[in-house]
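Visitor: My structure is below; once you've seen it, I'll send some questions.
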Amino acid sequence: MIIKEYRIPLPMTVDEYRIAQLYMIQKKSRNETHGQGSGVEILENRPYTDGPGGSGQYTHKVYHVGMHIPGWFRSILPKAALRVVEESWNAYPYTRTRFTCPFVEKFSIDIETFYKTDTGENNNVFNLSPVEKSQLITDIIDIVKDPVPPSEYKTEEDPKLFQSVKTCRGPLSENWIQEYKKRLLPIMCAYKLCKVEFRYWGMQSKIERFIHDTGLRRVMVRAHRQAWCWQDEWYGLTMEKIRELEREVQLMLSRKMAQFSEEGPSELSKDSATKDQASGTTSDPGSKNGEPLGRGLKKQWSTSSKSSRSSKRGASPSRHSISEWRMQSIARDSDEGSEEEFFDAHENLYCTEEKQAKDMTKWNSNDLMDKMESPEPEESQDEIYQQSGSEFRVASSVEQLNIIEDEVSQPLAAPPSKIHVLLLVLHGGTILDTGAGDPSSKQGDTNTITNVFDTVMRVHYPSALGHLAIRLVPCPPICADAFALVSNLSPYGHDEGCLSSSQDHIPLAALPLLATSSPQYQEAVATVIQRANLAYGDFIKSQEGVTFNGQVCLIGDCVGGILAFDALCYSGQPVSESQSSSRRGSVVSMQDADLLSPGTLANAAHCSGGSGGGGSGGSSLESSRHLSRSNIDIPRSNGTEDSRRQLPRKRSDSSTYELDTIQQHQAFLSSLHASVLRNEPSSRRSSSSTMLDGAGALGKFDFEIADLFLFGCPLGLVLALRKTVIPSLDVFQLRPACQQVYNLFHPADPSASRLEPLLERRFHSLPPFSIPRYQRYPLGDGCSTLLADVLQTHNTVFQEHAAPSSPGTAPAGRGFRRASEISIASQVSGMAESYTASSIAQKGPSSLNHTPSIRRLSLLALPPPSPTTQGPRARARQVSPNLERAPCLPDLDIGEVAAKWWGQKRIDYALYCPDALTAFPTVALPHLFHASYWESTDVVSFLLRQVMRHDSSSILELDGKEVSVFTPSQPRERWQRKRTHVKLRNVAANHRINDAVANEDGPQVVTGRFMYGPLDMVTLTGEKVDVHIMTQPPSGEWLHLDTLVTNSSGRVSYTIPETHRLGVGVYPIKMVVRGDHTFADSYITVLPRGTEFVVFSIDGSFAASVSIMGSDPKVRAGAVDVVRHWQDLGYLIIYVTGRPDMQKQRVVAWLAQHNFPHGVVSFCDGLVHDPLRHKANFLKLLISELHLRAHAAYGSTKDVAVYNSISLSPMHIYIVGRPTKKLQQQCQFITDGYAAHLAQLKYNHRARPARNTATRMALRKGSFGLPGQSDFLRSRNHLLRTISAQPSGPSHRHDRTQTQMDSEQRGQRSMSVAASCWGRAMAGRLEPGAATGPK
């Protein structure tokens, strides 16, 4: 539901407005009623008492809107649904209006209006609660300034030009509001609270936005301009005269509508009468309403669509009943299981009602009005989804650029960008778009998916908030001409009244094929590349992107996906030739074809040029000639000619072909895949090749693309045509310049097609990967999308179809894309997946020269091969131990599939859609499915899992083992207590588990507390918590130990049973709340007796500043190096603090931010009076009960007494701060900083290695992860730009030690650092696959 408050100031009194409004309504009803499909019927108009607002006038109308609804939408609605029922209660200065629609139960428009004598500055006219006010979007309408579509503009209705004859008012200036206030002239404001709801699958956001912007705002702007400019007609009228006019109009409309439908009015009147009889007292609703102004208006005041349907039950099936069933089916689907909290879609997506309205209604409807440039015919059938064919204009100004330039004049001082992932939405619309519709529809879809991203991240991916940016790249409507052409070929095209039959007959699959065969397709791809570079450049110049060094991903919809693919194919060509070479971008290996007949072009047996997908684009013009020998003057290009020179336009005969256009088109199509065909063994070089370098002007992307996401794209059909036209071309050779392609589609979408069978035919036997429902698995279901896992899981399929032929190899002509280690990681969701998948394609070092499809960036992630000669099976076992468990495929088949693949994961992904959609008219499905992608939480959560990592343990060990993927053992369930759902509506999780230390022969106990809110405002009481532990970290399996129930204080305590007793080591622990999948992370450290440890007081020894106003303190220079030194010596690191455990997430995030080594962290149990006593008791517990030994301690002067209490030698107590005589003999003061102290420890032999060898083996070297920071994967080119901007020289390192800088550089050079395997993740929403990132 979208809720907006419109404020409309007018230069008149409230009483005058009442007359003007009533007169305007009756006049417009009279003038705009044309009959069937467009008109108004007034069924009832009577006074009422004691109703909404007290006493007033009740009106019951029916609007026939069939001619104003898009054709595809009209085809799925029952005939009765083409009427909108209006019920209004007018009690000035308050009115209420409700619109409903028969047979469309989940649709309603509710408008509440107050009329005040002000200029619209009252911010709480409707007495909304704070929660309701936070949901509200305010939109001020100015009848003078707000633009009007050219098709609706009339000079006599322009307030800037109109002057009344009767009142002498007007014209109005643009500052009329200020002028009227200053001169104390009459002025009033209409406050309209509008709530629009259309709860149907796939259409909700788009339809609700369309109703607000076109059905409400646009209508209100025009109507209020008319109310002012028609004042000479209504000024001086009385209410009696208005009522008389209304009766005349009611009689006239009933007669006019009866001419077109003898059944419609009477039938609806019958339904209305039935409603009145059934409801009894509904004609006087205010009698039961305690609110005098009618704020409690409910649905029983509206015409009951259920009673309307009841009169038709039992009748034989008809188109009417089928259409009714269609809408009911998708409505039921949207509310499936709504009685259960967990399965309620709205409650699941939005934690609170406040978030629901706030997040989904951020789009400003002024964008629509500002972009209306061209007249729109009223008879336009697809107004909602039509796209504008006008040029895209960049919304930037000189002033903004000047500000940006001033801010980035010193790039070295610029803070790092918070944006880690940039999503460019290539929006081209559907294949049925005519290209002449609403220009803001593209931006509206982009805003919709942006809001869904924000909502999903806020609920389940909080660490990603603020780190993802989305920008629109509008694409030309390339299918518009093809759609217009094919529409004229329909056998029903002559019958305008048979819209459904004529459009259903359109062969949808032919539209993208025709579009990509058009000579204008080259310009479309060039335009997309240019606009994408422009959008990226504007983002880089903006404040949030000036230091951007993250990854860029493309999202292509039905049409935009085709353009994105071809743009990536061209961008991926190696630039080996010079810019001026005539061979650059051309295909030099071709075959001449035999001559056929005059005027006919013959395809070569192995013609070149990756066709854009059309019949005319399939052949190269150089591969064919006209029979006419007079065509000898077709120019030939050679190595010395300028590739940019245009062909002479001379003809020696009347050829029917525009050779210039066709040759440029052919050159473009060929250049798309020139690197593939250049090395075709079947092709021979021809010095007489004449391919223009027409694609040279296309340009390339100015940035590296990580992933390409396709939404319902018919790319498979286009590539299948290219394969048909060029039989020698293997589709897998058309490799786009990105690391992974994701083809998302709904199985019932007629526009979509699969890609995997084109790359490997045996995949036709496998279903596409099913994306889990967000409502049930908000963080994924843990199923692997890796190609390696698919090949092993379905090994029988590939073995049965295995052919004895040698594995295919990708052409060597395509150069490698050099990538950084960060780019390696971004290939797949998680580091471990890149290891597994890339290892499959590895055939040995020698194969690199022959199989460029096996990317070097994949091999860089692998450990160097053993110098000893090993068979392929042995190598496979080394790099992927998991493959040993399943029967292995022959390496021949594995290598063949991996060499063909566009990435290292599955490519085809199927989304859920209601089964009832298969019964919908075909013409309606492209629009419906296209709208569903932008508001789909399934799509958004899947995208998030691909582009980001959540768990710090997603980094690999030095030995190259895979990090285990965590998957929730149980799906979400309903809360055990009904009150829990209400208590947690507006609070975030703040769960924590105490770091546990145990002996291998003693009790191993883990305790946790589950709270919500930053100050533990809400306790999770009586709810289920699942306990998981990783048995053999980091590559072991997550084991579900037990399910606990929290007590009244939100605590749980679990003792690991003897059957699962842990040996010496550090084990990650997760406790997951069953009701909402929030979780807490911690570790249990099992140690042998006699283990030595070094203790650090966090605030006393690390903090260099005091935390004021909630800001994080600075870290003392060199502190991290000292802690790491003791860790390298084999000591257990203990961190103690007097802070309450409710701050655990914040403190651990601070430790992770500064790369402190991993250790056990001890917090106070809530707010305590004596935190020093807590520190002492914790250390005494370690020594007395666990038999550990303290070797050294660091802290402030306050900590001296704590360390003395555990009998620690003064020589091993190190205090940071000014020396005092009182403590001179009790400790060692660090006066020259940690750098000097570290030098003393190293070179004066004051620190010896730990004595317990078993402990040193168990305590692996590692650091805290980065909780609270979504560690997005970075692309190579942005890293290079960032590195080049880093300050150089030792003078810039005064705040950071040498070791810190080196560690970060090592982290950039190799992501296989053991440290983060033991990273600690901030308690947040659980991400299945957290260990290696998303699946």
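The backbone N, Cα and C atoms fix where each Cβ goes, glycine too.
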Visitor: For the feature phosphoserine in Swiss-Prot, which residue out of Ser151, Ser334, Ser582 does the record point to?
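Guide: Checking Swiss-Prot against Ser151, Ser334, Ser582, the phosphoserine entry points to Ser334.
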Visitor: Can you dig through Swiss-Prot and tell me which residue of Ser365, Ser517, Ser839, Ser952 is labelled phosphoserine?
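Guide: Per Swiss-Prot, phosphoserine applies to Ser365.
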Visitor: Of Ser29, Ser688, Ser1288, which one does Swiss-Prot label phosphoserine?
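Guide: Matching Ser29, Ser688, Ser1288 against Swiss-Prot annotations yields Ser688.
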Visitor: Write down the residue from Arg393, Arg814, Arg885 that Swiss-Prot flags as omega-N-methylarginine.
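Guide: Of Arg393, Arg814, Arg885, Swiss-Prot lists Arg814 as: omega-N-methylarginine.
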Visitor: From the set Ser55, Ser266, Ser643, Ser686, which residue is assigned the annotation phosphoserine by Swiss-Prot?
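Guide: Cross-referencing Ser55, Ser266, Ser643, Ser686 with Swiss-Prot, phosphoserine lands on Ser686.
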Visitor: So what's the average pLDDT for the domain 'DDHD' (701-949)?
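Guide: That region's mean pLDDT is 67.
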